[in-house]
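Below is one structure; the comments refer to it alone.
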Amino acid sequence: MAHPSQLGFQDAASPVMEELIHFHDHTLMIVFLISTLVLYIITAMVTTKLTNKYILDSQEIEIVWTILPAIILIMIALPSLRILYLMDEINDPHLTIKAMGHQWYWSYEYTDYEDLGFDSYMIQTQDLTPGQFRLLETDHRMVVPMESPIRVLVSAEDVLHSWAVPALGVKMDAVPGRLNQTAFIVSRPGVYYGQCSEICGANHSFMPIVVEAVPLEHFEAWSSSMLEEA
(Lines of atoms letter the chains of each structure in order from A and count residues from 1; the text may use other names and numbers.)
(Lines give C-alpha, C1' and ligand atoms only; values in the text may rest on other atoms or scores of the structure.)
Protein backbone atom coordinates (compact mmCIF):
# COMPACT_ATOMS: atom_id res chain seq x y z
CA MET A 1 0.00 0.00 0.00
CA ALA A 2 1.40 3.40 -0.97
CA HIS A 3 1.66 6.11 1.68
CA PRO A 4 1.86 9.93 1.50
CA SER A 5 5.16 11.41 0.23
CA GLN A 6 6.34 8.00 -0.93
CA LEU A 7 9.14 8.35 -3.50
CA GLY A 8 9.82 4.71 -4.35
CA PHE A 9 7.78 1.69 -5.36
CA GLN A 10 5.35 -0.16 -3.16
CA ASP A 11 6.74 -3.21 -1.38
CA ALA A 12 6.94 -6.10 -3.84
CA ALA A 13 4.40 -8.87 -3.29
CA SER A 14 5.35 -11.05 -6.27
CA PRO A 15 8.61 -12.41 -7.74
CA VAL A 16 8.18 -10.35 -10.92
CA MET A 17 7.81 -7.11 -8.97
CA GLU A 18 10.95 -7.93 -7.00
CA GLU A 19 12.83 -8.33 -10.28
CA LEU A 20 11.40 -5.04 -11.56
CA ILE A 21 12.55 -3.19 -8.45
CA HIS A 22 16.04 -4.68 -8.74
CA PHE A 23 16.21 -3.64 -12.39
CA HIS A 24 15.04 -0.14 -11.50
CA ASP A 25 17.78 0.20 -8.87
CA HIS A 26 20.37 -1.19 -11.29
CA THR A 27 19.43 1.26 -14.05
CA LEU A 28 19.11 4.19 -11.66
CA MET A 29 22.65 3.63 -10.40
CA ILE A 30 23.98 3.66 -13.96
CA VAL A 31 22.11 6.90 -14.70
CA PHE A 32 23.44 8.42 -11.46
CA LEU A 33 27.04 7.56 -12.35
CA ILE A 34 26.67 8.95 -15.88
CA SER A 35 25.10 12.15 -14.57
CA THR A 36 27.88 12.59 -12.02
CA LEU A 37 30.58 12.12 -14.67
CA VAL A 38 28.94 14.55 -17.10
CA LEU A 39 28.47 17.15 -14.35
CA TYR A 40 32.13 16.82 -13.34
CA ILE A 41 33.32 17.24 -16.95
CA ILE A 42 31.10 20.28 -17.50
CA THR A 43 32.29 21.86 -14.25
CA ALA A 44 35.95 21.18 -15.06
CA MET A 45 35.69 22.63 -18.57
CA VAL A 46 33.87 25.76 -17.38
CA THR A 47 36.21 26.52 -14.46
CA THR A 48 39.63 25.81 -15.99
CA LYS A 49 41.51 28.26 -18.19
CA LEU A 50 43.76 25.58 -19.65
CA THR A 51 43.23 23.81 -22.95
CA ASN A 52 44.27 20.19 -23.45
CA LYS A 53 45.13 19.50 -27.08
CA TYR A 54 44.67 15.75 -26.60
CA ILE A 55 40.99 16.29 -25.69
CA LEU A 56 40.40 18.55 -28.69
CA ASP A 57 41.73 15.99 -31.18
CA SER A 58 42.20 12.44 -29.91
CA GLN A 59 41.14 9.25 -31.65
CA GLU A 60 41.63 7.26 -28.43
CA ILE A 61 39.09 9.37 -26.55
CA GLU A 62 36.61 9.12 -29.42
CA ILE A 63 36.96 5.34 -29.41
CA VAL A 64 36.35 5.21 -25.66
CA TRP A 65 33.27 7.45 -25.68
CA THR A 66 31.82 5.42 -28.56
CA ILE A 67 32.40 1.95 -27.09
CA LEU A 68 31.56 2.81 -23.48
CA PRO A 69 27.93 3.90 -24.15
CA ALA A 70 27.41 0.73 -26.18
CA ILE A 71 28.58 -1.38 -23.23
CA ILE A 72 26.32 0.56 -20.86
CA LEU A 73 23.31 0.03 -23.14
CA ILE A 74 24.02 -3.72 -23.22
CA MET A 75 24.18 -3.75 -19.39
CA ILE A 76 20.71 -2.20 -19.34
CA ALA A 77 19.18 -4.14 -22.25
CA LEU A 78 20.07 -7.69 -21.16
CA PRO A 79 18.34 -7.67 -17.74
CA SER A 80 15.47 -5.71 -19.27
CA LEU A 81 14.87 -8.40 -21.91
CA ARG A 82 15.14 -11.12 -19.27
CA ILE A 83 12.39 -9.53 -17.16
CA LEU A 84 10.28 -8.92 -20.27
CA TYR A 85 10.29 -12.63 -21.07
CA LEU A 86 9.65 -13.54 -17.41
CA MET A 87 6.56 -11.31 -17.38
CA ASP A 88 5.25 -12.93 -20.57
CA GLU A 89 5.77 -16.49 -19.33
CA ILE A 90 2.61 -18.32 -18.27
CA ASN A 91 3.21 -21.94 -17.29
CA ASP A 92 0.45 -24.23 -15.98
CA PRO A 93 -1.69 -21.71 -14.05
CA HIS A 94 -3.52 -23.11 -11.04
CA LEU A 95 -6.38 -20.66 -11.41
CA THR A 96 -7.77 -18.56 -14.27
CA ILE A 97 -9.80 -15.42 -13.66
CA LYS A 98 -11.44 -13.26 -16.31
CA ALA A 99 -11.48 -9.54 -15.47
CA MET A 100 -13.91 -7.50 -17.56
CA GLY A 101 -13.80 -3.71 -17.50
CA HIS A 102 -17.05 -1.73 -17.60
CA GLN A 103 -17.94 1.94 -17.22
CA TRP A 104 -17.06 2.14 -14.36
CA TYR A 105 -16.51 -1.07 -12.44
CA TRP A 106 -14.83 -4.45 -12.83
CA SER A 107 -16.49 -7.83 -13.08
CA TYR A 108 -14.66 -11.08 -12.32
CA GLU A 109 -15.39 -14.60 -13.50
CA TYR A 110 -13.55 -17.63 -12.10
CA THR A 111 -13.51 -19.75 -15.22
CA ASP A 112 -12.40 -22.93 -13.43
CA TYR A 113 -15.73 -22.96 -11.57
CA GLU A 114 -19.11 -23.51 -13.14
CA ASP A 115 -20.86 -20.47 -11.70
CA LEU A 116 -18.52 -18.18 -9.75
CA GLY A 117 -18.49 -14.54 -10.75
CA PHE A 118 -19.38 -11.13 -9.38
CA ASP A 119 -19.21 -7.40 -10.03
CA SER A 120 -16.80 -5.26 -8.04
CA TYR A 121 -17.96 -1.70 -7.33
CA MET A 122 -16.16 1.00 -5.39
CA ILE A 123 -17.53 1.62 -1.89
CA GLN A 124 -18.80 5.17 -1.62
CA THR A 125 -17.10 7.47 0.90
CA GLN A 126 -20.16 7.71 3.15
CA ASP A 127 -20.37 3.90 3.36
CA LEU A 128 -16.76 3.29 4.40
CA THR A 129 -16.05 1.61 7.74
CA PRO A 130 -13.09 2.53 9.98
CA GLY A 131 -9.82 1.28 8.48
CA GLN A 132 -11.01 1.21 4.87
CA PHE A 133 -9.33 3.36 2.25
CA ARG A 134 -11.25 6.05 0.40
CA LEU A 135 -11.56 5.54 -3.39
CA LEU A 136 -9.77 2.16 -3.11
CA GLU A 137 -12.15 -0.23 -1.37
CA THR A 138 -14.63 -2.41 -3.28
CA ASP A 139 -17.70 -4.30 -2.20
CA HIS A 140 -16.28 -7.58 -3.60
CA ARG A 141 -12.57 -8.35 -3.62
CA MET A 142 -10.83 -10.60 -6.10
CA VAL A 143 -9.70 -13.40 -3.78
CA VAL A 144 -6.77 -15.59 -4.92
CA PRO A 145 -4.66 -18.29 -3.26
CA MET A 146 -1.14 -17.26 -2.36
CA GLU A 147 1.97 -18.96 -3.79
CA SER A 148 -0.04 -20.22 -6.78
CA PRO A 149 0.32 -19.18 -10.43
CA ILE A 150 -2.74 -17.08 -11.30
CA ARG A 151 -3.69 -16.26 -14.90
CA VAL A 152 -5.87 -13.21 -15.51
CA LEU A 153 -7.73 -12.79 -18.80
CA VAL A 154 -8.44 -9.10 -19.32
CA SER A 155 -10.97 -7.53 -21.65
CA ALA A 156 -13.48 -4.67 -21.73
CA GLU A 157 -17.15 -4.30 -22.47
CA ASP A 158 -17.27 -0.73 -23.74
CA VAL A 159 -14.09 1.41 -23.82
CA LEU A 160 -10.38 0.97 -23.10
CA HIS A 161 -9.49 0.12 -19.50
CA SER A 162 -6.31 -1.14 -17.85
CA TRP A 163 -6.11 -3.71 -15.04
CA ALA A 164 -3.15 -2.72 -12.86
CA VAL A 165 -1.93 -3.74 -9.39
CA PRO A 166 1.48 -2.10 -8.68
CA ALA A 167 2.50 -4.32 -5.75
CA LEU A 168 2.12 -7.42 -7.96
CA GLY A 169 3.90 -5.92 -10.98
CA VAL A 170 0.80 -6.38 -13.13
CA LYS A 171 -0.61 -3.98 -15.71
CA MET A 172 -2.63 -5.18 -18.70
CA ASP A 173 -4.79 -3.19 -21.10
CA ALA A 174 -8.45 -4.16 -21.37
CA VAL A 175 -9.49 -3.72 -25.01
CA PRO A 176 -13.06 -4.30 -26.25
CA GLY A 177 -13.19 -7.33 -28.51
CA ARG A 178 -9.71 -8.49 -27.52
CA LEU A 179 -8.66 -10.94 -24.80
CA ASN A 180 -5.29 -10.16 -23.22
CA GLN A 181 -3.69 -12.29 -20.55
CA THR A 182 -1.21 -11.79 -17.75
CA ALA A 183 -0.05 -13.85 -14.79
CA PHE A 184 1.31 -13.38 -11.29
CA ILE A 185 2.19 -15.27 -8.13
CA VAL A 186 1.44 -13.61 -4.79
CA SER A 187 4.32 -14.26 -2.40
CA ARG A 188 2.53 -13.54 0.87
CA PRO A 189 -1.00 -13.06 2.18
CA GLY A 190 -2.41 -9.56 2.14
CA VAL A 191 -4.67 -7.05 0.41
CA TYR A 192 -3.27 -5.28 -2.64
CA TYR A 193 -4.84 -2.26 -4.27
CA GLY A 194 -4.82 -1.02 -7.84
CA GLN A 195 -6.79 1.23 -10.15
CA CYS A 196 -7.74 1.46 -13.80
CA SER A 197 -4.65 2.90 -15.50
CA GLU A 198 -6.37 4.01 -18.69
CA ILE A 199 -8.36 7.25 -18.93
CA CYS A 200 -11.71 5.62 -19.59
CA GLY A 201 -14.19 8.40 -18.91
CA ALA A 202 -15.76 10.61 -16.28
CA ASN A 203 -15.55 8.04 -13.48
CA HIS A 204 -12.12 6.73 -14.44
CA SER A 205 -10.82 7.40 -10.91
CA PHE A 206 -13.62 5.44 -9.29
CA MET A 207 -13.11 1.85 -10.47
CA PRO A 208 -10.49 0.44 -8.08
CA ILE A 209 -9.06 -3.07 -8.03
CA VAL A 210 -8.62 -5.03 -4.79
CA VAL A 211 -6.79 -8.36 -4.78
CA GLU A 212 -6.87 -10.35 -1.55
CA ALA A 213 -4.33 -13.17 -1.26
CA VAL A 214 -5.14 -15.89 1.27
CA PRO A 215 -3.85 -19.41 2.03
CA LEU A 216 -5.25 -22.15 -0.18
CA GLU A 217 -7.57 -23.62 2.45
CA HIS A 218 -9.11 -20.18 3.08
CA PHE A 219 -9.58 -19.68 -0.65
CA GLU A 220 -11.37 -23.02 -0.93
CA ALA A 221 -13.68 -22.04 1.94
CA TRP A 222 -14.36 -18.66 0.31
CA SER A 223 -15.13 -20.19 -3.09
CA SER A 224 -17.49 -22.73 -1.49
CA SER A 225 -19.38 -19.99 0.34
CA MET A 226 -19.65 -17.92 -2.88
CA LEU A 227 -21.01 -20.89 -4.80
CA GLU A 228 -23.59 -21.56 -2.07
CA GLU A 229 -24.75 -17.93 -2.26
CA ALA A 230 -25.02 -18.15 -6.03
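Every residue gets a Cβ built from N, Cα and C, even glycine.
Taken from TrEMBL as is:
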- 1-91: domain 'Cytochrome oxidase subunit II transmembrane region profile' (DOMAIN)
- 27-51: transmembrane segment (TRANSMEM)
- 63-85: transmembrane segment (TRANSMEM)
- 92-225: domain 'Cytochrome oxidase subunit II copper A binding' (DOMAIN)
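Same-chain residues lying 6+ beyond the ends of the transmembrane segment (63-85) with a Cβ under 8 Å from its Cβ atoms: 16, 19-20, 23, 26-27, 30, 34. Look at the domain 'Cytochrome oxidase subunit II transmembrane region profile' (1-91): DSSP puts its residues at 67 helix, 0 strand, 24 coil. Note on the domain 'Cytochrome oxidase subunit II copper A binding' (92-225): its mean pLDDT in the predicted model is 94.
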